[in-house]
């Protein structure tokens, strides 16, 4: 049993105990953090492992959120049953975006996907028969089941979201550690070599996009479960930027980083506003910049550097390569070191 | 890790308020409501202090100044009002966490004047479930008074957009029969409420809407919309926009040959925020409506309420601009809240709701003849009277009498 | 027909707004190889400075010149102080720093000047010129003229001066440039400075039309990204042309295709970009990346 695994188990136990030590509103914030963490994880799979950048993950997040909201509010589905549907629909959408993405590199891909995020609120409003349009759509959060009635609503929602998050993380960890992960990293770091070794670049890249979008979709479902209400205003393009910031703050090509990143984007703005309401944005922006100075490789990157031990055979670290991966072409540019 | 530690540390200090606070707090000990003591009343609000809608933040400042001014006079029955405001950047999910924090951690007595249609739609189920008064919300959606059985703790404040639209429709019927209207509207709850209300009020008349174009708050310009509307050759222009786009639309008309009768919704009718930046000469003849006294209208210069307002802002929130109509809005809404608190029979949330729901109040900052009237299930919209105004010689001039819109039942 | 031409002209005028800011993006990209998400906010900040100077009674022309000078210095200082520490690190770290800068500058402007709308005087006279029977606003003509002028100057500087050559070299291969004696750091600073000047110019040109508030460039920058992407991220002329194509495509879609309508017209430029990029992944005028194994 590796130290990493023990650390994960301790973290999980802490995460399960967490809602019993915090006030209800903080638990709600943590519940949102769980949703954001899954989205950041999805983006990290794409960005960190296959080297493709997306500024459009807010769109997949919104899609997942609305799939759940619509199925719950209009068809009376149980919340949990909507999650596979959201994942499947988002995977299909991700796959569809992944195909043209094959031709695009770095910056160009980033900006085309940004267009997706920008158009999302308008698309939601356009299909108002389905989405409730500008009025939003209420899909009340699931209530505490009878056998768990010692839990408060917010504790139940938190634990429910945690129960969704854990398999998503386990799945991702397995994915990046296995054959697929190694292939993806090769695709990212040396596409030409990967091709020579018989890796089907196009297939891996489009699948990475699909999986990544499915994660964002599940995160969207978690959002709806938590908030119980969806409206176009929740899904502006700032959301996609937040996910990007979460990935970078947490650390590229790390699974654990998604959690730190999600904590960052949820809590730092709130704390900044507590320090000084009028200067909240200035503080938040400043902290983000400072963070990049102090921890340019993210929180997990720092943890790795602190450990600084030689990599052992079969260790997960073997697949992690700290280097610029802003994606394909643009990332390959030679820079002064 | 440092971040997590910080979160944990600050959270642990508050673990006392753990669990479903007040979910079933009916029976048991003394029924003193949270957030109210003999010396203080705590209110909470959520506003967009950051982000693209932050122009509305002046409302919070105006309200804050009014509460401070009341406290300086001794407060409500000796109770000082503390108004806790949080930033939601106009995002519904942040409004939700804010409101949970206000209710559960800060233990506010009531939510007052939370801003934005989607944000309030996101929080009203929660507020009603927790039986926390969620009063005088800062949005004109007609939803707030539509079904009070489902949401007895929620009320609007300003004339709802449908009432506003009805006032414009009535004005047109009287002044310009047979008008052909071209409408520009913001593609959100506010825009669609107003436009739908307007069309509904026109039903059965000879006035029709012959062209309508929408815009998004994220659009840089409305050039193409204005071009299309001008091409419709309509003789009346209904401008349902927020300040920045109101200004752009007025400028576009000033530069074009299209000279329709211009009806501008009250959100965009601020002389300071909209008309002055475009140039007052371009605003001549624009028609709008109001229900509060305009701080820039010289006829109120010697009005005691206006003087009190301006002095109050200068003294208690010097960073706020008294000429900003959003500041006036916040001040006046807070005055309503103070009266509701004064009329409370006992310091409980139920008593506050009763006082809010049975009100017949004249406020000095409202136009003469405009009252805050609520009456149980009969009248669920606080302010419904409005007065048409027209921009003449560099100032808004009130027209005709106060219209009791009340188009919604 | 007349309406069609008018719509076309509207599109070009709006497209010029996108192009103006896209120029600044291209400049940073050319000199530092990153996209500066804060470019629009820096432009907005510069515009507020110009506004402040005008309010203080300084004539518009002089105020703008002063603002351009302040922006040049400001851009260089930002590069030196904020960007240099992470220069040479992960590309995404740099991008995130510009995101932080975006949030910070926007918050700072709201704190200093508030969120209210302000009028900004135009450099150009009111009214319109009569071009073969169709009235074109002087403002639109002026915008296009200034934009073309800036592109011309940039082209001259980058293609025909030693400074331009050195700047290009520093961006493409900093290590080799250092070896041949180019002060790479100073070139990067200059790149940011020039971009800030371009942004400031964009700001003072569009503010009379859009009205000045801290959200001045928020909506514009999205379209500017699109313009730069379409034109090719390293081509100033491409950026301007990209802006025009997007402005016109959007105006025509909003004006004529009712199914798309005003709400979804943003999808049209997106479609155009996608179509162009699928054929030319480097944009219309961009230089292709050469992959290194």
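From the backbone N, Cα and C atoms, a Cβ is placed for every residue, glycine too.
Feature annotation from TrEMBL assigns transmembrane segment to A:6-23 (among others).
Sequence annotations record features per position, and here TrEMBL assigns transmembrane segment to A:30-49 (among others).
Under the heading transmembrane segment, TrEMBL lists A:55-73 (among others).
Among the features that TrEMBL reports, transmembrane segment is placed at A:80-99 (among others).
Per TrEMBL, transmembrane segment is recorded for A:105-124 (among others).
Annotated transmembrane segment per TrEMBL: A:156-176 (among others), in sequence order.
Within the same chain, residues 28, 31-32, 34-39, 41-43, 45-46, 49-50, 52, 54, 57, 60-69, 72, 79, 82-83, 86-95, 97-98, 101, 131-132, 134-142, 157, 160-161, 164-165, 168, 172, 175, 184, 243 sit at least 6 positions outside the transmembrane segment (A:208-231) and bring their C-beta atoms closer than 8 Å to a C-beta of that stretch. Taken from TrEMBL, the feature transmembrane segment covers A:208-231 (among others).
Summarising the annotation, TrEMBL assigns transmembrane segment to A:243-272 (among others).
Annotated transmembrane segment per TrEMBL: A:278-303 (among others), in sequence order.
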What residues in the same chain, six or more past the boundaries of the transmembrane segment (A:243-272), come closer than 8 Å to it by Cβ-Cβ distance?
29, 32-41, 43-44, 47-49, 55, 57-58, 61, 169, 172-173, 176, 185, 216, 279-281, 283-284, 287-288, 291-292, 295, 297-302, 319-322, 325
So which residues does the transmembrane segment (A:6-23) touch in its own chain, when a touch means Cβ under 8 Å and the partner is 6 or more beyond its ends?
30, 154-155, 158-159, 162, 166
Please work out which recorded stretch in A:30-49, A:80-99, A:156-176 has the most C-beta pairs separated by under 8 angstroms from the transmembrane segment (A:55-73)?
A:80-99
Leading contact stretch, A:80-99, A:105-124, A:156-176 vs the transmembrane segment (A:30-49) - CB distance under 8 Å:
A:156-176
